[in-house]
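Undergrad: The structure under discussion is supplied below as structure tokens; questions concerning it will follow.
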Amino acid sequence: GMVQQEPGGVAGLAAAAGEAAAGTAEVRLSRRRWVVVLLFSSYSLCNAFQWIQYSSINNVFLRFYGVSAFAIDWLSMSYMLTYIPLLFPVAWLLDKRGLRLIALAGSALNALGAWVKLGSLKPHLFPVTVLGQVICSLAQVFILGMPSHIASVWFGSHEVSTACSIAVFGNQLGIAVGFLVPPVLVPNVEDVEKLAYHISIMFFMTAGVATALFILVVIVFKEKPLHPPSRAQALIQSRPPEEYSYVQSILRLLRNANFLLLMVTYGLNTGCFYALSTLLNRMVIHHYPGEEVNAGRIGLTIILSGMVGALISGIWLDRTKTYKQTTLVVYIMSLAGMIAYTFTLSLGHLWVVFVTAGMLGFFMTGYLPLGFEFAAELTYPESEGTSSGLLNVSAQIFGIAFTISQGQIMDRYGTKAGNIFLCSFLFLGTVMTAFIKADLRRQQANLDNEQTVIRSGERPEGPRSSSAPTGCSAQ
């Protein structure tokens, strides 16, 4: 029941033939798969760095360009705003034209935006830096929905969650570097000419790295491996092209109650993360004046601990397949971490803030690949690019709403009130997550195909786990 079929006629025969072909297809892993996922992770890193590089030194750019804090916040929120209307065209391109075109477009726009920012090194050129950031935000549309799709096309069922975590890992590492490097490269000096010089160093370095990564994508990035890496992927590749309808796929996703619940809960959690990242510099500077570098280090702590959490959760999912239980536990701990951070930020001890921020990051940032993986399980055999894209649209919408609302609450009532505002939505997301049913369709498809192969007398491909059936997420 995983692949919709007509009960009879040509369509039914074609679908049956597709299943038979998938059952006999050679399943083999490509050695290039690690190069592909690491290259994607690298240009995703560069794009994420450009997202947060303004917010991590909000007060410096505010003074350099002579604009309001809200205007600097919009440089971050432009990433969220651009994504919403462009998701569906880019997801359609991903399904129709494949991974390579999307990778080329994403890395090219990322490099172009970085070079445009080099034309904004005078205080009156703020519109130019806005243009550069908008171009980078266009690149993000070609990046955010890719992790589960790359994992699906290139990786076997026993390693797919780990691969998805590595792909998300790059984005998180980019945010970490974006918190750490700008405060070091751009000190808060009074002289505008010296400030412009320091900003130019950061922009030149970013443009150079982005260009090198684009060249590598042109040379290295391939559409797909020669052989499917798993039975579930073989089943998808054997499906006749005319059987797939992009519009019908979206409509099926929006009728999937479990996926809709996950889409809202993912948006609530990730939206809180976006708001926290964008406003972190303002929060820390408010309670610890002059601590721009430590504000960046606190952001770095959040992201690095989250990267560890993401990697651990990916390995855990590959071993246990406990998607619902893991997602719920991580969500509860994200709420606990946010509460701890909220009530320790104003105590006057920076080391305490580092500890609670690290705890928050481990679970809140570690949740991101979990959402992609759980969605891929709930929505099989729909495209991972479409399901991931809908999750990200939800995250962008909540991210904009939370960033604007929390910023206004902080200005009027203080940072604690703003953080309590986020806590309330994390609590709502925790309750909603408890109602999601673990309908693991992809795992079942892998198991069904494996049993078909065994019954036909063939030896199943790939390593097997003694604790759970093979076939995970993002296939």
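Numbers here mean position along the shown chain, with the first residue as 1.
Backbone N, Cα and C atoms are what each Cβ position is placed from, and that goes for glycine too.
TrEMBL entries are annotated by machine, without manual review.
Sharing the record's features from TrEMBL:
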type	residues	note
COMPBIAS	464-475	compositional bias 'Polar residues'
DOMAIN	36-441	domain 'Major facilitator superfamily (MFS) profile'
REGION	449-475	region 'Disordered'
TRANSMEM	34-54	transmembrane segment
TRANSMEM	74-94	transmembrane segment
TRANSMEM	101-118	transmembrane segment
TRANSMEM	124-145	transmembrane segment
TRANSMEM	166-185	transmembrane segment
TRANSMEM	197-221	transmembrane segment
TRANSMEM	259-277	transmembrane segment
TRANSMEM	297-316	transmembrane segment
TRANSMEM	328-344	transmembrane segment
TRANSMEM	350-368	transmembrane segment
TRANSMEM	389-405	transmembrane segment
TRANSMEM	417-436	transmembrane segment
Undergrad: For the transmembrane segment (101-118), which partner among 34-54, 124-145, 259-277, 350-368 gives the most CB pairs under 8 Å?
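TA: Comparing 34-54, 124-145, 259-277, 350-368: 124-145 has the most Cβ pairs near the transmembrane segment (101-118).
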Undergrad: Please identify the stretch among 166-185, 197-221, 350-368, 389-405 with the greatest number of Cβ pairs below 8 Å relative to the transmembrane segment (328-344).
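TA: Of the candidates 166-185, 197-221, 350-368, 389-405, 350-368 scores highest.
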Undergrad: At a Cβ cut-off of 8 Å, and with pairs 6 or more apart in sequence only, do we get at least 3 pairs between the transmembrane segment (389-405) and the transmembrane segment (417-436), yes or no?
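TA: Contact between the transmembrane segment (417-436) and the transmembrane segment (389-405): present, because at least 3 Cβ pairs are under 8 Å.
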Undergrad: Near the transmembrane segment (166-185), which residues from the same chain, at least 6 beyond its ends, have a CB less than 8 A from one of its CBs?
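TA: Same-chain residues near the transmembrane segment (166-185) but 6 or more away: 37-38, 40-53, 56-57, 143-144, 146-148, 150-151, 198, 201-202, 205, 277, 280, 292-293, 295-300, 302-304, 306-307, 310-311, 314, 365, 368-369, 372.
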Undergrad: Counting only residues 6 or more past its boundaries, what in the same chain has a CB within less than 8 Å of a CB in the transmembrane segment (350-368)?
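TA: Tertiary neighbours of the transmembrane segment (350-368) are 168, 172, 269-270, 272-273, 276, 284, 288, 291, 294, 297-298, 301-310, 312-313, 327, 330-331, 333-334, 336-338, 340-341, 344.
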Undergrad: List, by number or range, the same-chain residues at least 6 past the transmembrane segment (297-316) whose CB is under 8 A from its CB atoms?
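TA: Beyond its ends, the transmembrane segment (297-316) has Cβ neighbours at 52, 56, 161-166, 168-169, 172-173, 175-176, 178-180, 276-277, 280-281, 284, 322, 326, 330, 350, 353-354, 357-370, 373.
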Undergrad: So if I exclude everything within five residues of the ends of the transmembrane segment (417-436), which remaining residues of that chain have a CB under 8 angstroms from its CBs? That is, six or more out.
TA: 258, 261-262, 264-265, 268-269, 271-272, 275-276, 279, 283, 324, 327-328, 331-332, 334-335, 338-339, 341-342, 345, 374, 378, 398, 402, 405-407, 409-410
Undergrad: Using a Cβ cut-off under 8 Å, which residues of the same chain at least 6 positions beyond either end of the transmembrane segment (74-94) come close to it?
TA: 51-52, 54-55, 61, 101-102, 129-130, 133-134, 136-138, 140-142, 144-146, 149, 246, 250, 274, 277-278, 383, 385-386, 389-390, 392-393, 395-397, 399-400, 403-404
Undergrad: Is the transmembrane segment (197-221) packed against any residues at least 6 beyond its ends, judged by a Cβ distance under 8 Å, and which are they?
TA: 35-36, 39-40, 42-43, 46, 49-50, 53, 64, 99-100, 103-104, 107-108, 110-111, 113-115, 117-118, 121, 181-182, 185-187, 189
Undergrad: Sort out the residues at least 6 away from either end of the transmembrane segment (124-145), same chain, that have Cβ-Cβ distances under 8 Å to it, and list them.
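TA: For the transmembrane segment (124-145), the nonlocal Cβ contacts are 40, 43-44, 47, 50-51, 54, 65-67, 71, 75, 78-79, 81-83, 86-87, 90-91, 94, 102-103, 105-110, 112-117, 171, 384-386, 388-389, 392.
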